[in-house]
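Data first, discussion second: the structure below is written as structure tokens.
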Amino acid sequence: MARGSERLADLVRMLNLLPYFEAHPERTVMEAARDLGREPHEIMDDLNRLWCCGLPGLMPGDLVDLKHSYQSVRVANAQGMDKPLRLSTTEAAALLLALENLEATPGLVNNAAVTSAAAKLREIMGEQVSAVADAEAAPEGTSVLDLIRTSMDERKQLTFHYFSQTTFSTSERVVSAAHVFTSDGFTYLRGWDHGVDEHRTFRIDRMSSVALAEEEAVPHADLLKFSLKDPFAFGRTQAEIRVAKSYAWIADYVPITLGAQADDEWIHGTIPVGSEEWLIRFVLACGGQVQLAAPTHLAEAVAQRAAAGLKAYDEPTNSFNSL
């Protein structure tokens, strides 16, 4: 059963369709989906539900009256629900915080539009959102994003040094930028890495010595598969694991989906494979509390790495021999 907050979000989303289609009577469901950032079938589902809503009594004259198909939507009687629902103070503050975050990230979006929207929201809400400070972009944070934006506008390749958290090493990259996005408070560049001939994702704050190259950028946009719901493509490959029952709390900190209990001590689960090297290190770091079952080659890699680590304990070091 959906939680109360989810039901409220569904209700607000559904009711806001009535004033939208009254204001845009010639819009198709596909156009509405584009405007509202939703899928066409989701809007059709909501319209089908609205068709059965209305005033107490639920007689023909009490119901929302609309005629809808994918090609057109006509609202004949909105039963007074013809104005968009207003933002609450909490919602307005949250929206303003999001706008301030965008303002502080130059090069990501049209800053003039963001600044204008934030100013209008402040004017409407007045002192109710006075605690949300007006953000200004930090000068030292603008250079990398500005260079990325320039490389995309001028279709030039980028060169930079990149620190990999997976391997704890820095390497030089030559990349054709495809697009920039944010996730969990961090800004990322997605582009074609000419060193490996495939698309890679780079966190902006781990890039250094960024410069424009003379070569023309070839971002291979036709090959780029990107989803805002899964920006790192974690959902494409899942590894099968077993988690010790006493270690199940790890699922609160790592994107592990726990399944059925295998026996009294172990629970079946899956984990997205964003990086094979990271997954191997994660399983080893769990000290036997997480076992990797599939893919087989990764399970074998974990076993080999663990055996090599145990063997190292039996090999005396030079400093030990000299004592």
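From the backbone N, Cα and C atoms, a Cβ is placed for every residue, glycine too.
TrEMBL annotations:
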type   : residues : note
DOMAIN : 10-123   : domain 'PafC HTH'
DOMAIN : 144-211  : domain 'WYL'
DOMAIN : 237-308  : domain 'WCX'
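Under DSSP, residues within the domain 'WYL' (144-211) fall into helix, strand and coil as 14 helix, 43 strand, 11 coil.
For the domain 'WCX' (237-308), the mean pLDDT of the prediction comes to 89.
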